[in-house]
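In what follows, a structure is listed as structure tokens, so that the remarks can point back to it.
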Amino acid sequence: MSKINKLEQIRNIGICAHIDAGKTTTTERILYYTGKSHKIGEVHEGGATMDWMEQEQERGITITSAATTCRWQDKVINIIDTPGHVDFTIEVERSLRVLDGAVAVFDGVAGVEPQSETVWRQADKYNVPRMCFVNKMDRMGADFYRCVEMIKDRLGARSLIIQLPIGIEENFKGIVNLIKMKAVIWKDESLGAEYFEEDIPADMQDKAAEYRARLLDMVVELDDTIMEQYLSGAEITEEQIKILIRKGTIEARFYPILCGSAFKNKGVQPLLDAIVDFLPSPIDIGIVKGIEVSTSEEKDFPISIVEPFSALAFKIMNDPFVGSLTFIRIYSGKITSGATVINTVKNKREKIGRMLLMHANNREDIKEASAGDIVALAGLKDTSTGDTLSDIDKQVVLERMEFPEPVIELAVEPKSTADQEKMGLALSRLAAEDPSFRVSTDHETGQTVIKGMGELHLEIIIDRMRREFKVEANIGAPQVAYRETITTACEIDYTHKKQSGGAGQFARVKIIFEPLKDVIDLKDEDKNKTFVFESKIVGGAVPKEYIPGVEKGLNNIRETGVIAGYPMIDFKATLVDGAFHDVDSSVLAFEIAAKGAFREGMQKGNPKLLEPIMKVEVITPDEYMGDIIGDLNSRRGQIQNMDPRGNAQVVTAHVPLAEMFGYVNTLRSLSQGRAQFSMIFSHYDQVPSQVADMIKAKK
């Protein structure tokens with residue numbers, strides 16, 4: 001491995017898209033043509049290599065991002081296959097954080113769907129260079145040009161078309177390569193492994209010339225010398241075009257667009273060529289942001305093999321044979337099995353046991369890995385998703401990932417005493433794997449409550465609990481995960497004092513509580529958080545060692561709000577003053593004082609109840625439009641826009657999650673089964689007062 005595993009030879013890429021756009025099939029074909037799979041796995045037969053959990057094979061959707069290493073030309077491609085269902089958006093977010101480039105797969109019939117937009121925005125957030133693969137060109141109703149138009153309109157993406165389809169629907173047989181100006185035709189009888197180049201068909205020559213001119217107009221903008229050459233009428237070489245496309249893709253000036261049919265094995269090899277030619281290597285990315293532990297300074301760290309070791313844990317998975325596996329992306333230095341590193345987030349040392357290179361769910365033991373590699377480590381004790389592993393002598397904390405608040409929750413009760421213990425273990429394992437899944441205990445009923453990003457998310461968690469951990473449980477009805485917040489700022493001066501013989505307890509804190517939306521000088525790293533704590537103590541009014549007690553107290557108690565006991569979010573607490581006693585003060589005393597201040601502050605801050613609002617997209621034939629809009633309005637929905645799409649209408653609305661239970665049946669009866677919908681969490685918003693009263697009464 002080591003000789004070719006130089007940084008410039010590596011491509012760390014994700015394949016992401018909406019559910020059913022053909023992402024897993026595309027990945028399967030890539031593995032087949034790069035020689036890693038000996039037979040092609042079909043998703044609809046439940047045999048796809050990347051979909052390795054039982055639940056995935058049954059449902060035909062990808063739930064966890066399996067990481068796979070393969071080779072093309074002389075390059076190493078690490079592929080992360082990401083889920084396309086909206087309940088698993090967190091998986092996509094985790095993968096994008098550690099990737100250098102991505103391939104966005106679009107359904108040539110449906111075009112840009114809601115999850116495609118979400119994934120695109122997430123990729124924008126992490127500045128991931130990407131290209132687009134318009135798939136399913138063999139399907140009835142496929143329209144490459146309409147799909148490209150949607151990519152431009154809906155995603156605001158500057159498209160660079162580098163291929164055109166030859167033939168449509170069942171007559172789709174190949175592509176025009178606009179860089180070489182050649183047609184590429186696949187032989188059906190060889191399962192797409194054999195293809196040949198020929199001249200562009202006569203009826204497509206004018207169109208190809210037009211799109212080639214557009215391609216050149218866009219790429220020559222990136223280089224003045226080549227632009228002059230182009231304007232003077234000189235020929236631009238294929239090599240020059242490729243260099244410019246690579247430059248523009250890495251700088252996100254445009255997004256190359258390719259097409260094909262992964263299922264029919266057409267277009268996969270040129271897609272692999274484009275991944276290698278146009279997507280960045282770790283060297284092109286160059287740096288990773290982080291904090292130097294010794295100075296607490298934020299710095300840019302070079303991605304390099306010669307620097308000290310640093311890596312980000314981006315996924316934890318339970319493997320039936322190896323136990324817990326931690327997937328890491330190495331940003332700098334190298335690591336050998338048996339070495340000891342430090343988890344700088346938890347300040348705990350970890351010994352590296354087995355190190356594995358993963359191929360979906362086959363594994364290869366390796367002894368060494370270095371910058372740019374994505375590997376799985378077995379046997380780490382304290383590392384969870386988003387933690388940094390670092391060289392002990394030169395410690396860094398890499399930029400952490402932010403995870404969304406869960407929107408739906410349900411109670412689970414073990415069926416027997418034996419299940420009780422197993423359930424605790426199962427849920428803590430599953431929560432370690434997936435930060436968007438949370439477990440808590442209802443203080444009033446003592447029930448265990450699980451929370452997640454949607455009904456399917458929790459269904460799969462419960463299913464895994466039964467299958468992998470053999471836990472039988474009774475499941476309650478899904479409930480909305482309400483939240484609470486404050487709407488006005490207040491300052492609380494609170495003293496905790498206890499004297500009952502022997503050492504007493506004393507702590508005084510002065511805390512300003514304010515809604516996050518009103519904070520003017522909010523730091524960038526705090527912008528996605530739901531709770532921010534800051535200490536502005538000067539002159540030792542509260543000694544440094546007691547301040548973590550204040551933060552811990554606030555963090556613990558904010559899980560129980562003051563209106564109906566829901567967690568408090570979207571506020572900042574600033575410790576501005578306080579007092580301590582040489583003998584009677586302790587971390588615990590300051591923790592209790594912070595809790596007392598919180599209770600007072602939340603009452604004074606004009607608290608309000610919040611509910612999750614979902615972005616709902618309904619695709620319906622024209623004739624049912626009126627009924628569907630009327631129904632959404634009756635669910636407290638707000639229509640955002642209406643777009644024609646082919647012979648159907650697309651209605652986008654913001655609707656409270658509380659009003660969406662059972663919507664699938666209503667929609668079916670309103671449209672005689674012809675409309676479909678998808679929904680994704682959008683934001684939290686205040687609950688109208690009459691609805692809030694009903695929620696409080698239920699509590």
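Backbone N, Cα and C atoms are what each Cβ position is placed from, and that goes for glycine too.
Some features that Swiss-Prot has for this protein:
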BINDING   17-24, 81-85, 135-138  GTP binding site
DOMAIN    8-283  domain 'tr-type G'
Within 10 Å of the Cβ of Asp20 (GTP binding site), how many other Cβ atoms can be counted across all chains shown?
18
Enter the number of other CB atoms within 10 angstroms of the CB of Ala17 (GTP binding site).
29
Take every residue in the domain 'tr-type G' (8-283), average their pLDDT values, and give the whole-number result.
83
Protein Cβ atoms within 10 Å of Thr82 (GTP binding site), excluding its own:
29
Could you check what DSSP calls Ala17 (GTP binding site) once collapsed to helix, strand or coil?
strand
